[in-house]
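Lifted from TrEMBL, the feature list:
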type	residues	note
ACT_SITE	Cys111	active site, glycyl thioester intermediate
DOMAIN	28-173	domain 'UBC core'
REGION	9-28	region 'Disordered'
Amino acid sequence: MIKLFSVKQKQKEDAQNNNGRPIKKQSAGELRVQKDISELNLAKTISIHFPNGKDNLLNFEITIRPDEGYYQGGTFVFSFSISQVYPHEAPKVKCKTKVYHPNIDLEGNVCLNILREDWKPVLSINSIIYGLQYLFLDPNPDDPLNHEAAEVLRDNPRQFEQSVRRSMLGGYVGGTHFPRCM
């Protein structure tokens, strides 16, 4: 049985410890994000960072450092912006690292089906991170945002690999300069 009086007493104590200011209630979205983050199972190649402090769980960054595939050795940062109605709306995810990739355009938009049409509230932050990690292990030229990169991957995988390396080392690909990310 819930002891209502002890709950009220706890709230009063918390308010007193907060110098009399009322404690901000968390939205359902914030509670769900808190749960998702506490359940994260990050690989050694992935880290999470809260640039606005750990009190702002709705905005954070994920860094992916692939240890295999075309993008091995690179460091790619993604920003997550989550609305108050999460999980009923997918998080907004942008790649902050300029990358030559068929599924990430030069503005950082990410083509990942679970961020758009296949989003369901049962999915979690962990699902998105796995999806992003998979994009680096197996880029998908059949659903591109960067059509030129997708065409090169489809038609000449060896040239694609060279272009990825050149871009990650801070070179030019197709007239576009990429900052070093290795």
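Quick reminder: no glycine exception, Cβ is built from N, Cα and C everywhere.
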When you measure from the Cβ of the residue listed as 'active site, glycyl thioester intermediate', how many other Cβ atoms are you left with inside 10 Å?
18
Secondary structure composition of the domain 'UBC core' (28-173) [DSSP: H/G/I, E/B, coil]:
48 helix, 26 strand, 72 coil
Taking every residue in the domain 'UBC core' (28-173), what is their average pLDDT?
95
